[in-house]
């Protein structure tokens, strides 16, 4: 490690490169990578730049990337706002005298959310300063494998040279450009979190976790919300669990237009948006008016303006994402990429952060450890939250064969739901294991309140290679929902009723 | 030295005039500037086109502080200020800032024009805040002759602020 440090210092002294590392993108991955690299004495610059949303009217957001500004953070806060709405209804059964009607004010909520986001933007700036990382508000693009061009908003150009370059530019929501009126009249999640006024009656097109989470919190704060699904919900996730999530949402007031595809969006003289769509099952055409149309039909990697083709950085033809090796290297030496822009990488903040840190350590010659993308837990923050780690049941069947897996499951009722007289039909746990031998757990799935909090601890067990017997040997904490995970004992094979009761 | 004291005296006198005559800024400014121009050329911030209209409040009470508009404004009104200036680095999302702000203005107002107060919103002027080493907010720095002479972070009570402000002026 001493030798590589001396070498890079020597090269730097020789005036070879401006920086040891230039990071293009100041989001979860970029910030983690640059700060870690600086800690090892590397001279680092991070370029962060936000192109205006198509709407253009939205203020450009600050440092921190998607997660901080238009993703995880505002999403979770607004999800919390919606949960409070449900809690207020439950509270009456618990004796709270709450006068009706209880209304929600969008502007008050947004002020609180945006204030927190701004405090995070500031916090990141201070951290970069503290860790001696140079921050540049430039739009970065590649000139060659050691040269980055930075462009200010005013168009002023700066050239930076670097020993290594990391591309961490992430992605932006897609617009369905083939649908007339989609771009002019619709919005995406990039706009949603900065709306000054309530979106009103909303049509959410898409059935990804972004679509369902947004539709979920909009319903929760009292707005008339419809989700338009082309085929299936939560593609890539366990489909039984996806069904439970959408069933719950339907029970709680979110409307679903299954197997429907929007055809066009027109703006009426009243200002409302008229959406025409086709029901692919009947072939019939329908129309309805909405105040807002939210497109949640996927995210596109931010690679266009980077100049990657010029350098021969290989992209996946279908997704447009950068093809990466296990050490995050691209097809061009000295150029690396991570986070959402990487092909086959999970589009999650914690994996981007960890991969960023490990890459920084490798580049500084401190370590050879590669990022482990297996066993990554995640949670969908829909009104009924869904947390999972490992394989879906269908994926486990595919890999091991249906007869070689054992699925333990249980329908449980959270204690809090009882007095509140809430329907718990979709609160469910599924533990997918190998059928024979140690019965290693292949996948863990949980729908219920605080699914993310419940799943985190189990993810550690999963990482340690937990088996069904480890699970059943663990004593539950009572009374909780999480204890039902360690208590699962009914198998799907048995065909027995999986509904469990508390004590 | 003498002309600086003279300028300061004229500034104090003129402020008293303004507080006594709640006329429009347009009528006050010209008369103010002619008397000044004869006295000194150094007091650059007291020009009719800029300072007075801005520092005069919309309310009947004289505004104690001003919001820094940009880097040039900061250079002109803080770094090049003849008076010591307290710079209040604050943010919209900072609860304690909303408590400290009015308290600081009260302490500054008590000094009757012997110290000025500039407010910098760190979200609008991030680079400036970073340049002055601001990390947590509120951060208040005291500047005299373009140099930072004192600073504090967080909330202080009225007595602590009075003594902080007096110390800045006294030296």
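Here the Cβ of each residue, glycine as well, is placed from N, Cα and C on the backbone.
Annotated features in TrEMBL:
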- A:478: active site, proton acceptor (ACT_SITE)
- A:76, A:140, A:340: FAD binding site (BINDING)
- A:206, A:207, A:208, A:209, A:210, A:211, A:212, A:213, A:298: NAD(+) binding site (BINDING)
- A:67-A:72: disulfide bond (DISULFID)
- A:19-356: domain 'FAD/NAD(P)-binding' (DOMAIN)
- A:376-487: domain 'Pyridine nucleotide-disulphide oxidoreductase dimerisation' (DOMAIN)
- A:1-18: signal peptide (SIGNAL)
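Here the features listed in TrEMBL are placed on the structure.
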residue : record              : contacts (Cβ under 8 Å, 6+ apart)
A:72    : disulfide bond      : A:66, A:349
A:76    : FAD binding site    : A:381
A:140   : FAD binding site    : A:22, A:24, A:25, A:47, A:49, A:148, A:149, A:150, A:151, A:169, A:306
A:206   : NAD(+) binding site : A:227, A:228, A:229, A:295, A:296, A:297, A:298
A:208   : NAD(+) binding site : A:234, A:235, A:296, A:297, A:298
A:210   : NAD(+) binding site : A:173, A:189, A:296, A:299
A:212   : NAD(+) binding site : A:227, A:233, A:234, A:245, A:246, A:249, A:380, A:382
A:340   : FAD binding site    : A:66, A:170, A:171, A:299, A:301, A:347, A:352
The domain 'FAD/NAD(P)-binding' (A:19-356) [mean pLDDT, rounded to integer]: 95
Residues within 8 Å of the A:206, A:207, A:208, A:209, A:210, A:211, A:212, A:213, A:298 Cβ centre (excluding the NAD(+) site residues themselves): A:204, A:214, A:234, A:296
Just counting, how many other CB atoms are there within 10 A of the CB of residue A:298 (NAD(+) binding site)? 15
Tell me whether residue A:210 (NAD(+) binding site) sits in a helix, a strand or coil according to DSSP. helix
Per DSSP (three-state), residue A:72 (disulfide bond) is helix
As a quick check of your reading of DSSP, tell me how many residues in the domain 'Pyridine nucleotide-disulphide oxidoreductase dimerisation' (A:376-487) are helical, how many are strand and how many are coil. 39 helix, 31 strand, 42 coil
Other C-beta atoms within 10 angstroms of the C-beta of residue A:67 (disulfide bond) total 24
All chains considered, the count of other Cβ atoms within 10 Å of the Cβ of the residue listed as 'active site, proton acceptor' is 9
Under a three-state reduction of DSSP output, how is residue A:298 (NAD(+) binding site) classified: helix, strand, or coil? coil
Cα-Cα, whole number of Å: residue A:478 (active site, proton acceptor) versus residue A:67 (disulfide bond)? 34
